[in-house]
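Everything on this sheet refers to the single structure shown next.
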Amino acid sequence: FAAVSVDCSEYPKPACTLEYRPLCGSDSKTYANKCNFCNAVVESNGTLTLSHFGKC
């Protein structure tokens, strides 16, 4: 079982695109795209992780 991860090193960004490529966070919330997810990861001080790609 490989852990899924996303490289958030270039975040946070001030604005995200409207691109829809959903990711499911460890908080059971669906994030619209990597940018939204990574901004949330930064805000959570790294406690939020990627559960899987796609909707929760």
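Glycine is no exception: its Cβ is also placed from the backbone N, Cα and C atoms.
According to Swiss-Prot, the disulfide bond annotation covers Cys8-Cys38, Cys16-Cys35, Cys24-Cys56. The domain 'Kazal-like' annotation in Swiss-Prot covers 6-56. Annotated N-linked glycosylation site per Swiss-Prot: Asn45, in sequence order.
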Query = So among the disulfide-bonded residues Cys8, Cys24, Cys35, Cys38, who's got the most Cβ atoms within 10 Å?
reply = Cys38
Remark   = Excluding its own, the Cβ atoms lying within 10 Å of the Cβ of the residue listed as 'N-linked glycosylation site' add up to 7
Task = For Cys16 (disulfide bond), identify the closest of the recorded positions Cys8, Cys24, Cys38, Asn45, Cys56, judging by Cα separation.
result = Cys38
Remark   = Whole-Å Cα distance, Cys35 (disulfide bond) to Cys24 (disulfide bond), is 13
Key: Whole-number Å value for how far Asn45 (N-linked glycosylation site) lies from Cys38 (disulfide bond) (Cα to Cα)   = 11
Message = Please report the distance from the Cα of Cys56 (disulfide bond) to the Cα of Cys8 (disulfide bond), rounded to the nearest angstrom.
response = 20
Request  = Using C-alpha atoms only, work out the spacing between Cys24 (disulfide bond) and Cys8 (disulfide bond) and round it to an integer in Å.
outcome  = 15
Task = Please name the residue among the disulfide-bonded residues Cys16, Cys56 whose C-beta has the most neighbouring C-beta atoms within 10 angstroms.
result = Cys16
Query = Could you tell me the C-alpha distance between Asn45 (N-linked glycosylation site) and Cys8 (disulfide bond) in angstrom, no decimals?
reply = 12
Task = For Cys56 (disulfide bond), just give me the three-state DSSP call.
result = coil
